[in-house]
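Comments concern the structure below.
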Amino acid sequence: MIKLSWPEFVSSIKHIKERNPIYFSVLVGLRPEQALHDQIVLYCSNTGAKDYIEKKADDISELLSLYMGKKVKVTFEVETQIQKQKPAPLFEFQPTKEDIFRKAGLRADFTFDNFAVSNTNQIAFAASQSVGNTPGSSYNPLFLYGGVGFGKTHLAQAIAHEVLSGDPEKKIFFCSGEHFMNDLIEAIRGKTTSKFRKKYRGLDVLIVDDIQFIAGKQTVQEEFFHTFNSIVAAHGQVILTSDRSPQEIGKLEDRLRSRFSGGLIVDIQQPDFELRTAILLIKARGKNIQIDINAAKMVAELIVDTRALEGTLLSLYARSLQSDKPINLSLVEELITGKNEKKKEKLSPQHIMKTVCTFYDIKISHLKGPSRKSTVALARQIVMFLLRTELGMNLDEAAFLVNRRDHTTVLHAVNKIQSLKMKDPAFRDDFSVILRALQSST
């Protein structure tokens with residue numbers, strides 16, 4: 001329940017911009033009363049005051065909406081003698097689900113119902129459900145780690161949704177590690193650290209996304225350590241996500257590493273083909289987009305990055321509306337072919353192979369040969385990955401170009417390179433150099 005007194009509201013807007021004394025004298029004399037959730041009736045002492053202030057309705061609605069953090073509309077009535085005897089009430093708004101989610105920093109669609117489960121994430125899903133049902137009693141903290149687009153954030157927020165569905169009064173907050181740091185910096189700068197600590201340490205559930213961001217930042221780690229301890233000591237729940245395990249986070253204080261390892265640590269693997277298909281279908285259902293199952297499978301085979309799935313889905317939907325065609329195999333081929341033709345103008349398989357081989361100082365003949373030397377094998381996998389992601393080639397085409405018969409070799413290469421990009425900073429830097437070389441020479 002949100003309660004605010006009318007005098008507090010009037011006082012709070014005086015600094016926004018200068019207004020004449022008559023405006024404020026009439027404003028102070030109004031008595032608010034909530035009629036509907038988003039509508040407030042302002043009672044005036046007489047018709048003269050009503051006629052005057054009614055002309056400012058849009059201005060007052062805008063300021064009140066800003067103050068309340070929600071859209072409200074005002075209407076005006078002349079107060080009767082009976083109504084004048086009522087004490088001036090406080091605003092009392094029963095927050096909607098959207099209000100609660102927004103305050104907690106949650107996305108409305110990140111729920112368990114909208115999460116696709118497979119063997120790559122089923123342990124994380126089960127653990128998250130357990131925490132959502134009984135927060136603070138098991139797996140505290142719950143530490144989820146994995147690559148970008150693997151579902152960590154979705155699961156973490158789904159826990160919050162589950163907790164709130166059982167008790168909307170629970171104090172829950174979701175933020176990134178960077179947000180936590182920025183909040184702390186502002187608190188130190190504004191000398192409001194006590195307010196900061198009250199906000200975070202008084203939570204029932206704290207979820208921090210990309211907690212690895214605070215590593216190496218001494219003051220932030222110090223504050224988070226005490227925040228963590230306060231919440232857990234009060235039987236609250238802490239949920240953390242990261243792109244790597246606590247043991248792999250460099251410059252993380254040992255005491256934090258120990259705390260993070262004291263609960264349950266779950267590694268979420270890269271979504272496989274079946275899971276990507278399910279994710280795409282769930283996203284389509286959530287947006288009321290009709291997509292043929294075979295079209296969904298084709299997109300899932302071509303798009304490895306799960307975050308790119310939604311963008312591809314929206315592109316297909318736009319193309320469908322524009323052409324008045326259903327989203328089927330032919331439309332997917334039309335869209336992907338269109339993208340590929342543009343890329344083919346800039347890149348060619350030969351150019352990709354030459355660039356990668358130059359970087360690793362090997363010959364293209366080595367790439368296509370039987371050599372299993374680690375450098376040659378890695379270069380070959382990078383080429384297959386780029387043929388898939390940059391040129392959109394199918395598995396058989398990519399395999400043929402590096403003289404491999406089995407298309408599963410390409411699938412393995414794509415998964416391997418994705419994994420290295422997520423977990424190996426040195427490789428990530430090398431890969432970026434190769435990409436820049438390709439881009440600068442086309």
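Just so you know, glycine gets a Cβ as well, placed from its N, Cα and C.
Just so you know, TrEMBL annotations never went through curation; they're auto-generated.
Not measured: the values here are computed from a predicted model.
Feature annotations, reproduced from TrEMBL:
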| type | residues | note |
| --- | --- | --- |
| REGION | 1-87 | region 'Domain I, interacts with DnaA modulators' |
| DOMAIN | 138-272 | domain 'AAA+ ATPase' |
| BINDING | G149, G151, K152, T153 | ATP binding site |
| REGION | 321-442 | region 'Domain IV, binds dsDNA' |
| DOMAIN | 348-417 | domain 'Chromosomal replication initiator DnaA C-terminal' |
Other residues, Cβ within 8 Å of G149, G151, K152, T153 Cβ centroid (ATP site):
G146, V148, F150, H154, L155, T241, I268, T306
Binding-site residues listed as G149, G151, least Cβ neighbours within 10 Å:
G149
Secondary structure tally of the domain 'AAA+ ATPase' (138-272) (DSSP, helix then strand then coil):
67 helix, 24 strand, 44 coil
Just going by other Cβ atoms within 10 Å, which of the binding-site residues K152, T153 has the emptiest spot?
T153
Taking only the residues in the domain 'AAA+ ATPase' (138-272), give me the average pLDDT of this model.
96
